[in-house]
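J.: Take this structure first; my questions come after.
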Amino acid sequence: MTPAGAPARSRSVAIAGLLAAGFVLLALLGSLVVPHDPLAVDLAHRFEAPTLAHLLGTDHLGRDILSRLIAGARTTLGSVLVVLALVLALGLSVGGLSGMLGGRIDAVLMRLCDVFLTVPTFVLALFMIGALGTGLVNVVAAIVLSHWAWYARIVRGLVLELKTRDYVLAARIAGAPRLAIFVEHVLPGVVPPLAALATLDIGHMALHVAGLSFLGLGVQPPTPEWGVMINDARAFFWTRPLLVIWPGLAIALAVLAFNRLGDALRDRLDPTLVAGRGL
């Protein structure tokens with residue numbers, strides 16, 4: 001028997017998956033499909049309404065909004081994918097080392113994580129930007145430094161739980177090296193839940209990138225980036241609200257899509273959670 005509401009949930013996951021895939025493709029291949037140069041200034045056509053030539057209109061400098069949104073996906077989500085790769089690498093390395101070795105190494109690494117976790121991630125990112133300076137590279141570094149400890153903690157917890165499994169204990173008794181045990185027996189159990197959590201965190205990180213750029217601390221104009229576009233359009237909000245609405249809608253859709261996809265992955269990978277919800 002199909003649970004009540006399952007078709008609606010399946011449709012929402014399918015829509016979220018299509019949106020997320022579309023955003024990722026734009027981030028990777030957006031430069032191939034932009035209709036205009038996103039940096040080209042044309043003051044003679046500033047504030048144009050949507051037309052066939054400019055489907056979403058133009059901004060205060062006559063730049064094509066659709067082209068800047070597509071290029072902005074590459075900047076915003078592309079930087080998020082880089083952040084996520086670095087955070088996962090750090091989290092797996094530190095958390096795996098801490099969980100597998102234990103003892104003093106575990107204690108030292110977890111105290112280091114505690115230092116980073118005592119400060120809210122966005123506040124820590126602001127502090128890092130203040131120390132490193134503005135720019136996309138520094139934004140990536142700041143977000144990595146403000147998120148890696150959380151992933152390290154999660155990986156360590158998963159490793160400690162998996163170390164008690166019979167097949168891991170059997171490998172240890174057989175004299176297998178710790179690295180081999182981690183790669184062959186522990187890592188396959190860590191990756192699925194970590195993938196679900198990482199998918200959920202994409203939207204959160206995108207908000208960080210856009211938020212820092214909106215505040216003038218991240219990506220700098222005229223580079224197309226969703227937060228930069230909102231900041232550029234603030235002065236014209238009451239007369240040209242679409243200049244703010246389009247990049248804001250892009251951010252909202254990206255966050256909602258990745259959050260819904262992450263929820264679906266988490267539910268699929270954690271049967272006890274699904275059972276607890278009665279789904």
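Using N, Cα and C of the backbone, Cβ positions are placed for all residues, glycine too.
TrEMBL entries are annotated by machine, without manual review.
Since the structure is predicted, the reported quantities are computational estimates derived from the model, not experimental observations.
Pulled these features from TrEMBL for this protein:
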| type | residues | note |
| --- | --- | --- |
| TRANSMEM | 12-34 | transmembrane segment |
| DOMAIN | 73-262 | domain 'ABC transmembrane type-1' |
| TRANSMEM | 77-101 | transmembrane segment |
| TRANSMEM | 122-149 | transmembrane segment |
| TRANSMEM | 237-258 | transmembrane segment |
J.: Given the cut-off of 8 Å on Cβ pairs that are 6 or more apart in sequence, determine whether the transmembrane segment (12-34) and the transmembrane segment (237-258) share at least 3 such pairs.
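T.: They do touch: at least three Cβ pairs between the two stretches lie under 8 Å.
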J.: In the same chain, who gets a Cβ under 8 Å from the transmembrane segment (122-149) while lying at least 6 residues past its ends?
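T.: Same-chain contacts beyond the flanks: 75, 79, 82-83, 86-87, 90-91, 94, 112-116, 201, 205, 208-209, 211-213, 216-220, 223.
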